[in-house]
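Engineer: Please read through the structure below; I'll follow up with questions.
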There are 4 protein chains.
Amino acid sequence: MSDVKKVVLAYSGGLDTSVIVKWLQETYDCEVVTFTADIGQGEEVEPARAKAQALGVKEIYIEDLREEFVRDYVYPMFRANTIYEGEYLLGTSIARPLIAKRLIEIANQTGADAISHGATGKGNDQVRFELGAYALKPGVKVIAPWREWDLNSREKLMAYCQQHDIPVDFTSQKKKSPYSMDANLLHISYEGGNLEDPWTEAEEDMWRWSVSPEAAPDEPTYVKLTYERGDIVAIDGVPMKPHEVLSRLNKLGGDNGIGRLDIVENRYVGMKSRGCYETPGGTIMLRAHRAIESLTLDREEAHLKDELMPKYAEVIYNGYWWSPERRMLQAAIDETQKNVSGVVRMKLYKGNATVAGRKSDASLFDESIATFEDDAGAYDQKDAEGFIKLNALRLRIAAGKGRQQD
Amino acid sequence: MSDVKKVVLAYSGGLDTSVIVKWLQETYDCEVVTFTADIGQGEEVEPARAKAQALGVKEIYIEDLREEFVRDYVYPMFRANTIYEGEYLLGTSIARPLIAKRLIEIANQTGADAISHGATGKGNDQVRFELGAYALKPGVKVIAPWREWDLNSREKLMAYCQQHDIPVDFTSQKKKSPYSMDANLLHISYEGGNLEDPWTEAEEDMWRWSVSPEAAPDEPTYVKLTYERGDIVAIDGVPMKPHEVLSRLNKLGGDNGIGRLDIVENRYVGMKSRGCYETPGGTIMLRAHRAIESLTLDREEAHLKDELMPKYAEVIYNGYWWSPERRMLQAAIDETQKNVSGVVRMKLYKGNATVAGRKSDASLFDESIATFEDDAGAYDQKDAEGFIKLNALRLRIAAGKGRQQD
Amino acid sequence: MSDVKKVVLAYSGGLDTSVIVKWLQETYDCEVVTFTADIGQGEEVEPARAKAQALGVKEIYIEDLREEFVRDYVYPMFRANTIYEGEYLLGTSIARPLIAKRLIEIANQTGADAISHGATGKGNDQVRFELGAYALKPGVKVIAPWREWDLNSREKLMAYCQQHDIPVDFTSQKKKSPYSMDANLLHISYEGGNLEDPWTEAEEDMWRWSVSPEAAPDEPTYVKLTYERGDIVAIDGVPMKPHEVLSRLNKLGGDNGIGRLDIVENRYVGMKSRGCYETPGGTIMLRAHRAIESLTLDREEAHLKDELMPKYAEVIYNGYWWSPERRMLQAAIDETQKNVSGVVRMKLYKGNATVAGRKSDASLFDESIATFEDDAGAYDQKDAEGFIKLNALRLRIAAGKGRQQD
Amino acid sequence: MSDVKKVVLAYSGGLDTSVIVKWLQETYDCEVVTFTADIGQGEEVEPARAKAQALGVKEIYIEDLREEFVRDYVYPMFRANTIYEGEYLLGTSIARPLIAKRLIEIANQTGADAISHGATGKGNDQVRFELGAYALKPGVKVIAPWREWDLNSREKLMAYCQQHDIPVDFTSQKKKSPYSMDANLLHISYEGGNLEDPWTEAEEDMWRWSVSPEAAPDEPTYVKLTYERGDIVAIDGVPMKPHEVLSRLNKLGGDNGIGRLDIVENRYVGMKSRGCYETPGGTIMLRAHRAIESLTLDREEAHLKDELMPKYAEVIYNGYWWSPERRMLQAAIDETQKNVSGVVRMKLYKGNATVAGRKSDASLFDESIATFEDDAGAYDQKDAEGFIKLNALRLRIAAGKGRQQD
């Protein structure tokens with residue numbers, strides 16, 4: 001363990017990662033560089049500076065990555081209407097590649113030879129951090145304390161704190177919660193506690209970002225989303241940057257009880273886990289993006305996107321953002337978004353995000369053909385006979401040769 | 001046209017198909033057999049008998065197909081979590097193969113050499129009827145009056161009625177609606193009228209099966225659904241047949257404002273069309289089925305199902321139920337449902353159908369492994385390092401050879 | 001039929017399309033523009049000029065499209081290792097989009113309002129020509145004489161020639177063959193005649209581009225192919241343009257009995273047909289491209305390519321080159337080819353094109369890791385245990401819960 | 001290590017696994033049960049008995065599994081036309097699940113709590129053995145000596161032999177080869193030695209099962225293969241069991257220089273490796289199976305099979321035969337084979353296995369429709385116009401709205 005000289009740690013400022021700072025210094029006799037990012041988790045990041053200093057850290061990186069996070073990760077992912085296992089909007093998964101990238105960039109800047117993180121050995125996040133790190137810097141050493149040390153209970157951690165003079169107030173950073181949580185601009189997640197029984201309904205006071213549908217206003221809220229090339233660029237006509245869009249939609253969604261999800265999912269490491277998620281803005285975005293695509297995408301590219309989506313979601317969930325297969329899929333997805341521009345009008349009401357209208361200059365909806373009224377010859381109904389006859393030919397031949405179809 | 005001796009018509013008893021009876025008799029100088037089915041459209045089918053008799057029809061088939069419809073078509077489709085283009089639950093599509101099958105069976109019984117239907121030349125239904133018919137009886141003649149005649153306006157149809165003594169009351173069968181509608185136990189659909197502008201929100205008084213979320217009760221309704229091998233077999237512990245299940249869920253869903261959908265979809269014949277749908281029970285079933293699968297399906301079979309689903313949905317939407325590819329996909333899907341048994345508890349509230357709990361004797365959720373608490377050695381966190389290292393190997397080699405991943 | 005003013009015809013100079021010139025002039029009372037292209041079919045195109053003039057054609061287009069054909073159509077297709085139904089290299093399919101594009105461009109240049117072609121109503125080529133034409137010029141009128149006229153026998157055609165003074169020598173353009181043939185730089189195809197019985201072996205004297213394996217030299221020929229970004233740019237170190245590469249490989253392959261294929265395929269119009277193909281150069285290219293990819297592609301992008309390939313092949317076979325879905329797939333494929341550079345050494349011998357070696361500066365083959373000898377720590381074999389354990393976890397949990405896997 | 005009481009070892013009788021017997025006895029102080037199977041590797045298995053006895057083994061299992069191997073593993077795999085990465089016929093991969101199954105069954109019979117194998121820590125075989133074992137007996141202990149011990153050179157192994165009185169002749173079992181080899185009825189593989197440079201051509205004297213194309217007879221051999229439901233049941237009219245079929249085809253193929261393959265493949269553990277394979281019978285079977293399917297499969301099920309095949313191949317290659325996803329895919333594949341019956345005539349000549357004819361009572365090839373001659377109205381060419389028009393509609397609308405397709 002003596003060959004690690006300097007390690008960059010993804011540092012939240014909380015108790016666990018503060019212990020990790022000390023544990024790394026002791027165990028590896030190395031310098032620790034801390035990296036703390038604001039990705040919209042809703043907590044101040046600046047306090048992490050003093051805490052790191054108190055732990056003897058000399059190189060401290062504190063950054064606001066919200067714009068980059070939404071622009072370069074969340075937005076590209078939403079172009080694919082990405083959902084994991086039919087339900088999950090990948091709120092945690094999509095933040096990890098950015099953290100991994102910055103850890104490696106900082107390692108390169110500071111001459112560090114290792115990176116470290118506070119993810120446990122049972123979860124997906126260790127995989128996501130480390131696959132990213134290895135993909136971007138193949139020779140990097142990764143230190144995952146939770147897989148190495150024996151501080152695997154709250155009591156042992158607290159004892160370690162007292163023993164090493166880690167200030168007590170580090171532990172009071174956030175309201176004590178029985179849940180394991182993770183938050184960024186896209187979502188907040190909850191695991192553990194009484195959620196470990198999938199039959200038990202989540203308690204109302206667990207949820208932090210949204211009111212319940214019951215508590216939401218009795219009047220609907222309408223909002224207009226302007227799309228350009230697959231991305232939202234304005235809300236109600238006001239141009240906004242990606243992270244401003246998502247912040248605003250989180251507010252609107254949360255106020256209207258939108259975006260709660262309670263699922264059992266399959267982790268990449270092989271087990272099922274129960275998780276609850278609040279994704280207010282993302283839930284609105286998913287629905288709205290499908291609506292603008294319904295006008296502007298060709299049928300076959302839309303269907304092909306739908307066939308590729310589960311694979312794309314799996315790639316991101318499993319931690320392969322920084323991989324050739326993700327780039328390959330992204331190239332296909334982005335190719336389709338050139339004309340995905342227009343406006344979607346959404347109705348938000350007590351947990352429901354429904355489409356109230358969609359329009360686009362690039363619309364492929366052709367009223368003159370679609371109409372139930374006289375179409376003035378735009379479509380010749382007689383063409384349908386040949387269309388059906390030839391599409392049926394293989395079935396007719398098979399039936400004619402005695403094949404049973406039922 | 002003289003070579004058609006007898007034709008079986010899918011007859012609703014309404015104005016349009018009554019005109020078709022007469023038009024077939026005149027145009028083809030042939031006998032017409034009418035076939036009217038109750039598939040849960042919510043209207044009496046028995047009145048069709050007198051109307052057909054009045055038109056001179058001698059062979060009249062009136063049948064209750066609700067049980068067969070849900071058991072053999074709706075249920076198998078829901079095993080795949082089937083959605084077309086991310087939104088549509090295929091309520092119209094899934095009823096057509098059954099109608100096609102009965103038309104052909106009746107043609108075989110009555111010695112008819114042709115079948116006929118009232119679908120227009122612009123829609124998907126003509127395709128679905130005819131592909132089914134050709135697949136089941138390759139030499140059958142199909143007569144699609146809307147593609148042949150020139151009665152392409154309400155006025156011409158009415159003139160034809162008067163000219164041929166088709167009783168006036170045939171036209172008053174249902175409340176006059178500005179929409180083109182189709183209904184069965186799974187859903188009711190609306191097209192045309194002011195829906196032809198995708199920017200216009202549907203009017204509240206269009207919807208027939210559900211109250212609006214706003215008008216739904218202020219208290220949630222909870223319901224327990226018991227699954228066996230992928231199908232619901234009981235509600236709140238009361239065993240029910242498939243069509244009873246769906247009827248009950250339609251009532252519960254409709255009362256709670258659940259299942260409204262407003263989309264632009266891509267038709268198989270090549271155009272986009274705007275449609276609104278109410279699928280109260282189906283919306284609950286889709287969510288609940290995913291929930292019971294989340295406990296009982298293996299990860300890889302679940303993901304493979306998700307990858308195949310868009311294709312399966314397309315096959316059904318396009319009218320290929322009676323095809324080798326549908327059977328092939330069904331074989332794969334059904335193979336996965338052997339252990340999809342257990343109970344899902346759903347919360348229904350003002351448009352929301354959310355999962356409140358799920359349990360199963362066949363659950364693959366392993367609390368001893370998933371727990372955030374001490375797992376007593378059920379899972380060795382150190383295994384994760386090797387898992388990550390080998391999964392990263394190809395990425396590391398590539399990066400080591402200078403490939404850029406960002 | 002009177003509203004067609006000018007039509008651009010894909011004109012081979014042969015009997016059939018000469019009849020079409022006359023038939024169009026007579027039937028539509030319109031001007032005919034002829035378009036004759038050299039796409040490597042191995043026959044002079046210049047003689048078509050005099051023939052067209054003799055038929056009264058004033059605007060005559062004769063072009064050498066060989067370079068464009070291989071560079072912009074064949075090469076992109078081979079980047080995907082494209083094969084239809086496991087066997088067919090799409091030699092005919094890939095030439096049609098280029099012809100369609102030129103027909104439309106010439107129509108735009110000459111102010112023509114229609115295009116015409118000599119493909120029959122049973123084949124795929126009509127579909128490919130017309131889908132391309134409609135995609136590039138939606139309002140174009142397409143005239144397909146074989147679907148319209150009644151000259152459906154050799155006798156009627158000959159009678160028509162005599163009646164309209166179409167010179168006799170037009171019929172002797174190519175050696176009389178019992179087969180329907182199509183040729184371009186990628187392949188030559190044979191259909192009809194005694195091939196219509198799939199049990200009958202093709203006769204040796206049918207084949208035109210290759211000697212039989214039996215007649216090929218007793219000594220193997222070795223050839224080195226240099227790839228850059230997925231495309232062959234040099235043979236045996238000599239830089240060549242794409243069409244020169246293909247010409248050269250056709251010669252080498254044909255001399256060595258390589259590239260004969262005898263299959264039954266599924267046409268887009270719904271029937272099966274028997275066809276024989278000679279694709280000497282393409283057969284070598286397919287094998288060699290896989291070999292250079294085997295060194296330079298990442299595993300997951302390679303597998304994803306393989307999963308997408310059948311769809312891509314179907315898109316091209318069915319005639320959708322000029323479609324959003326083809327462009328979407330092409331974007332994904334091309335994204336993977338950035339590093340597909342290096343050299344492949346092929347051995348050609350009596351029908352066999354086998355890989356004798358491959359090397360690349362961008363190789364991901366890592367001898368230090370792959371070796372059976374001591375790897376000096378490049379790969380830690382102990383990592384495999386964790387890798388296997390976690391990959392097995394879902395299977396172990398299922399087995400532990402009593403699920404049978406056999 | 002003291003808690004292992006009895007271990008079942010996959011024992012070849014060769015030097016390496018003999019050392020493993022001794023090493024297990026010493027290291028784990030446990031009883032060793034040996035299991036030696038004839039799966040067609042072409043060596044006597046009975047001599048393994050005396051060797052095991054000499055090593056003090058009391059429970060010795062020696063079995064002829066050839067019939068089961070081909071019937072239950074090779075044949076189902078060939079129904080899918082399975083190829084890994086476009087080239088590899090999965091000869092090694094498909095044998096492992098059977099070995100894993102028998103190891104576990106013997107462990108259950110003998111009350112063993114562990115299994116062991118001689119696969120190294122760099123290869124795929126360790127994964128295949130162990131995934132199978134865990135899937136079939138989740139609590140089993142797996143001992144992989146090559147990942148544990150330090151006998152990682154020939155010298156150390158030999159020293160260990162002398163030290164532990166392992167008879168010298170164990171080492172001379174097979175002709176000394178510079179290659180790592182594996183053989184069963186489906187193939188023989190070669191890795192290592194001078195193959196570690198992908199630019200180097202394999203030496204002629206490496207190959208063991210086939211003559212070179214150059215050395216093969218100057219006259220072709222024709223053979224007729226009779227299929228029933230996707231499987232070969234007779235050769236030249238003589239009914240045979242599956243393993244007899246494969247033996248016979250291996251002989252025919254090997255004599256005619258068929259089935260050599262030289263590739264670089266992507267291992268599941270993350271590296272690329274160079275391998276050479278001889279699969280004489282399998283190469284013939286793959287081609288012939290496609291030929292019989294070309295007559296008897298519907299187009300869409302054939303295409304769907306092609307889309308699923310790469311996934312199915314990956315599942316088998318990676319070692320997931322005993323998994324839900326393999327069974328799911330198998331269900332889909334087997335569903336398609338009901339009508340895959342008939343006869344294929346193959347021509348074997350100097351490395352080429354080509355189809356000379358195919359016929360079937362279940363053929364979907366319809367000569368009356370496919371013919372270039374007059375089809376007496378079986379197919380109406382005018383249907384093609386409507387077919388094309390509606391298939392083009394989405395492209396025309398897009399072009400009409402100004403979308404560029406080129």
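Easy rule for this one: first residue shown is 1, then count along the chain.
Even glycines carry a Cβ here, placed using N, Cα and C.
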Engineer: For the ATP site that TrEMBL describes with A:ALA10, A:TYR11, A:SER12, A:GLY13, A:GLY14, A:LEU15, A:ASP16, A:THR17, A:SER18, A:ALA37, which of these is also annotated: A:GLY91, A:GLY111, A:GLY118, A:GLY121?
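Structural biologist: The record-listed residue among the candidates is A:GLY118.
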Engineer: Going by the L-citrulline site in TrEMBL, where A:TYR88, A:SER93, A:ASN124, A:ARG128, A:SER189, A:GLU265, A:TYR277 are listed, which of the candidates A:SER116, A:SER180 is also part of it?
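Structural biologist: When TrEMBL describes the L-citrulline site, the candidate it includes is A:SER180.
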Engineer: Find the longest CA to CA distance in the recorded ATP-binding set A:ALA10, A:TYR11, A:SER12, A:GLY13, A:GLY14, A:LEU15, A:ASP16, A:THR17, A:SER18, A:ALA37, A:GLY118; express it in Å as a whole number.
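Structural biologist: About 16 Å separates the two most distant Cα atoms.
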Engineer: According to DSSP, does A:GLY118 (ATP binding site) fall in a helix, a strand, or coil?
Structural biologist: coil
Engineer: Between the Cα atoms of A:TYR277 (L-citrulline binding site) and A:GLY14 (ATP binding site), what distance do you get, rounded to the nearest Å?
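Structural biologist: Given the Cα positions, A:TYR277 (L-citrulline binding site) is 21 Å from A:GLY14 (ATP binding site).
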Engineer: Distance check, please: Cα of A:SER18 (ATP binding site) against Cα of A:THR120 (L-aspartate binding site), rounded to an integer number of angstrom.
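Structural biologist: Approximately 15 Å lies between the Cα of A:SER18 (ATP binding site) and that of A:THR120 (L-aspartate binding site).
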Engineer: Please compute the mean pLDDT of the model over the domain 'Arginosuccinate synthase-like N-terminal' (A:6-167).
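Structural biologist: It averages 96.
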Engineer: Pop the Cα-Cα gap between A:SER93 (L-citrulline binding site) and A:ASP125 (L-aspartate binding site) into the table, whole Å please.
Structural biologist: 7
Engineer: Hey, which of the binding-site residues A:SER18, A:SER93, A:SER180 is the loneliest by Cβ count within 10 Å?
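Structural biologist: Minimum Cβ neighbour count within 10 Å, taken over the binding-site residues A:SER18, A:SER93, A:SER180, occurs at A:SER180.
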Engineer: Once the chains shown are all counted, how many other Cβ atoms turn up within 10 Å of the Cβ of A:ARG128 (L-citrulline binding site)?
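Structural biologist: Other Cβ atoms found within 10 Å: 29.
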Engineer: Can you name every residue in this chain, apart from A:THR120, A:ASN124, A:ASP125, with its Cβ inside 8 Å of the center of the Cβ atoms of the recorded L-aspartate site?
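Structural biologist: Those within range, site residues removed, are A:ALA119, A:LYS122, A:GLY123, A:GLN126, A:VAL127, A:ARG128, A:VAL269.
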Engineer: Sort A:SER18 (ATP binding site) into helix, strand or coil using the DSSP assignment.
Structural biologist: helix
Engineer: Check each of the binding-site residues A:GLY14, A:TYR88, A:ASP125, A:SER180, A:SER189, A:GLU265 and report back the ones whose Cβ is under 8 Å from some Cβ of chain B.
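Structural biologist: Cβ contacts with B, in sequence order: A:SER180, A:GLU265.
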Engineer: With DSSP assignments reduced to helix, strand and coil, which class does A:SER12 (ATP binding site) get?
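Structural biologist: For A:SER12 (ATP binding site) - judged by DSSP and reduced to three states - the answer is coil.
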Engineer: Sort A:SER93 (L-citrulline binding site) into helix, strand or coil using the DSSP assignment.
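Structural biologist: For A:SER93 (L-citrulline binding site) - judged by DSSP and reduced to three states - the answer is helix.
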Engineer: A:TYR88, A:TYR277: which of these binding-site residues has the sparsest Cβ neighbourhood within 10 Å?
Structural biologist: A:TYR88
